[in-house]
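Annotated in TrEMBL:
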type: COMPBIAS; residues: 847-856; note: compositional bias 'Acidic residues'
type: DOMAIN; residues: 658-722; note: domain 'CBS'
type: DOMAIN; residues: 755-814; note: domain 'CBS'
type: REGION; residues: 818-866; note: region 'Disordered'
type: TRANSMEM; residues: 126-150; note: transmembrane segment
type: TRANSMEM; residues: 214-236; note: transmembrane segment
type: TRANSMEM; residues: 256-277; note: transmembrane segment
type: TRANSMEM; residues: 284-301; note: transmembrane segment
type: TRANSMEM; residues: 313-337; note: transmembrane segment
type: TRANSMEM; residues: 386-408; note: transmembrane segment
type: TRANSMEM; residues: 428-447; note: transmembrane segment
type: TRANSMEM; residues: 499-520; note: transmembrane segment
type: TRANSMEM; residues: 532-553; note: transmembrane segment
type: TRANSMEM; residues: 573-598; note: transmembrane segment
Amino acid sequence: MESEQLFHRGYYRNSYNSITSASSDEELLDGVGVIMDFQTSEDDNLLDGDTAVGTHYTMTNGGSINSSTHLLDLLDEPIPGVGTYDDFHTIDWVREKCKDRERHRRINSKKKESAWEMTKSLYDAWSGWLVVTLTGLASGALAGLIDIAADWMTDLKEGICLSALWYNHEQCCWGSNETTFEERDKCPQWKTWAELIIGQAEGPGSYIMNYIMYIFWALSFAFLAVSLVKVFAPYACGSGIPEIKTILSGFIIRGYLGKWTLMIKTITLVLAVASGLSLGKEGPLVHVACCCGNIFSYLFPKYSTNEAKKREVLSAASAAGVSVAFGAPIGGVLFSLEEVSYYFPLKTLWRSFFAALVAAFVLRSINPFGNSRLVLFYVEYHTPWYLFELFPFILLGVFGGLWGAFFIRANIAWCRRRKSTKFGKYPVLEVIVVAAITAVIAFPNPYTRLNTSELIKELFTDCGPLESSSLCDYRNDMNASKIVDDIPDRPAGLGVYSAIWQLCLALIFKIIMTVFTFGIKVPSGLFIPSMAIGAIAGRIVGIAVEQLAYFHHDWFIFKEWCEVGADCITPGLYAMVGAAACLGGVTRMTVSLVVIVFELTGGLEYIVPLMAAVMTSKWVGDAFGREGIYEAHIRLNGYPFLDAKEEFTHTTLAADVMRPRRNDPPLAVLTQDNMTVDDIENMINETSYNGFPVIMSKESQRLVGFALRRDLTIAIESARKKQEGIVGSSRVCFAQHTPSLPAESPRPLKLRSILDMSPFTVTDHTPMEIVVDIFRKLGLRQCLVTHNGIVLGIITKKNILEHLEQLKQHVEPLAPPWHYNKKRYPPSYGPDGKPRPRFNNVQLNPIDEEREETEEEVHLLNSTTL
């Protein structure tokens, strides 16, 4: 029943099992309470004048200068709980920033009073740097722990090190004196499961036993991961980036960044990666880092009591997460700025850079891969690229864009089907089935059996004299006339052709399994699978171009720069460009992605190929849809997120979107001093809405302020406990001065302290383009719509999201736009020069369904004075 209510309110999320609140702050309207009948007074006429559409609009932020400095008009004794938020609610950015400015003024005014106050001031000033330092330290340490544990458990599927059980395969053979260079992965200390169980190292029996043990461990890891997530922390599943983007935009999801989520996500991320599923750990590492930032922010009152300030810490934490995921501190900062952050002031940029620096330093000190690098697949290329190669690079960009568009549509369709069918009710079974199919198909192919990060490393690596991979099985040509490099371009051998066929099968396997894996109830990142798909395609293209240049070096496109025996083409570079293109096609990242891949390679020389491929993938992907995978999942889950990248090009007005609509119940409001405690409590108990406009009186109906449901409830409960004489018949006063009451009347309750005296208001003729821009840039929860100072309705973030969705689907609005019916608005004076009669309420005449105005008629109507 609870999830049903959330569904009807626009926040249905059946992927989560711990919904604790069924109310939403986006529903601020109700027909219960004082009904505004819009009866006009002597100087008020809602229909007065003939305002041209889109030309006269105003926006106000309060009625006086003092109201902006004291948004809440704080009490001498603040009421505990006032100004806080419930679960699944949106924060008020304006109020939070005003609270922070008030706190800052109070600290500055007291710091000269004593040494203790000066110390508190310094602590407050440095608390921001302290919290990002702690976040960077924890993120780097946890990333190193996850990398080491995931490598060990991945190798556990194949065998075990008898000399030291905690060593993975590579570490086990490091100290062996019996390891040869050609077979450096084989040593007596490392035993496969077939050797331990049946005593055979080779043969069909050994292969079958290793096959069975591989599937057994994969299913065991996957089952343990999904069970831990389901029982202890349902929020630990998935990538986490869509939810973090929503949280950074101001949405509250209690527990999503908590200590239980952090602990379970860290453990299950290791299990999920080790199970061999087509997922990565880079995306979830951002979630882990944000959990660290959220937990440490509670140690500092500056951030624990202010949701807006806390989101500055989370922005820095997301930069630290990408920094340890890819070993790219600068790319992490740009990722936070470009992809996840909603509010990113300059000081947050500096702190994000510092957090990314600290996290990278800690990870480098741990050295989890034993290569003195922050990532497993760090590479360096020494061969320059040539102008002709831009053509295959752009082709890889086209492939990346097509892959991104296909993946987004296929994955969203599958996730939507999972939500709408009984299959989604059995997450454990789904994970087991996906893990079983993955393990059964992956084992026979050496490239799919590999850990995905190791696969990317092998595809990125250029063939040198020390490489023994089948991708480097070239025939040595002794007739080369000129040797320019140690390893010149050579004809491909049988091993290369065999590897190409295996890579083609691996490409098809990765494409299909990634679609079904992303979104299951285990931690699952998308960066590494997308990069693997692009790297496979890029390596195949690179080998093809290399062989083309070798056998047709006399073609005009190769003749000038690629001589016989020269090292002209680097297939590993094509793999890197393809990886960037596919990741860009899925996420639609541009600048941050190029910088991340640039930091992976450590060379400025390949910036142009990367930029060309990434921009091509973005353009091709945008041709099929402008949403990236994270924005698509945000919309699928119904999160209240206004994407700043999305343009609003329609000509609707605020009156077209505001509530109540023409057929809805009238707007419910509070009066300034004419309601009792019982009246307000009845309104609260009979509705689930979380805010009410406050007007002067039924007669005037002019706006005074805005009161939140939660603040009203807390203030009344606190007054009943702490103030004597407050009863149900007590008059509630939002005015500055209490009106005169009879002597026998109970003590009035003054609630001006919880009243927002400066709610954002727009007129009914404000273009929605302006309204949407205000909501995006100021992070508003709601905006009141007025006409000549009288409240007509309200616009919430939910209303805007519904309106945008209607416009996307080309669905007509619930009620006709007001400017389409503008000819039904009479001017102040008739043709005879006499005033027109006044109306008691605002009612639009019904639309004549037999005749619809064309766009030309509407344009002429808007430019004509009636």
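A Cβ is built for glycine as well, from the same backbone N, Cα and C atoms used for every other residue.
Values in this document were obtained by computation on a predicted structure and should not be read as measured data.
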Considering pairs 6 or more residues apart, do the transmembrane segment (256-277) and the transmembrane segment (428-447) have at least three CB pairs under 8 Å? yes
Under an 8 Å Cβ to Cβ limit, what residues of the same chain, 6 or more beyond the ends of the transmembrane segment (313-337), are close to it? 128, 131-132, 135-136, 139-140, 143-144, 244, 247-248, 257, 281-283, 285-290, 292-294, 296-297, 303, 343-344, 348-349, 351-360, 362-363, 373-375, 378, 527, 589, 591-593, 595-596, 598-600
Per-region confidence, the domain 'CBS' (658-722) (mean pLDDT, whole number): 85
So how many of the residues in the domain 'CBS' (755-814) end up helix, strand or coil by DSSP? 23 helix, 19 strand, 18 coil
May I ask for the residues of the chain that lie six or more residues beyond the transmembrane segment (126-150) and have a Cβ under 8 Å from a Cβ within it? 266, 269-270, 273-274, 281, 285, 288-289, 292-293, 296-297, 299-300, 302-303, 312-313, 316-317, 320-321, 323-325, 347, 351-352, 354-363, 365-366, 368-369, 451
Give me the stretch from 214-236, 386-408, 428-447, 532-553, 573-598 with the greatest number of Cβ pairs under 8 Å to the transmembrane segment (499-520). 428-447
Contact between the transmembrane segment (214-236) and the transmembrane segment (532-553) (at least 3 Cβ pairs under 8 Å, separation 6+): no
Report, as numbers and ranges, every residue of the chain located at least six residues beyond the transmembrane segment (386-408) whose Cβ falls under 8 Å of a Cβ in that stretch; write 'none' if there are none. 511, 514-515, 530, 533-534, 537-538, 541-542, 545, 557-558, 561-562, 568-569, 574, 577-578, 580-588, 608-609, 612-625, 627-629, 632
Determine which residues of the chain contact the transmembrane segment (428-447) at the Cβ level, with the cut-off under 8 Å and only residues 6 or more beyond its ends counted. 211, 214-215, 218-219, 221-223, 225-227, 230, 275-278, 418, 455, 458, 499, 502-503, 505-506, 509, 513, 516-517, 520-522, 536
Per DSSP, what is the residue count of the domain 'CBS' (658-722) in each of helix, strand and coil? 24 helix, 19 strand, 22 coil
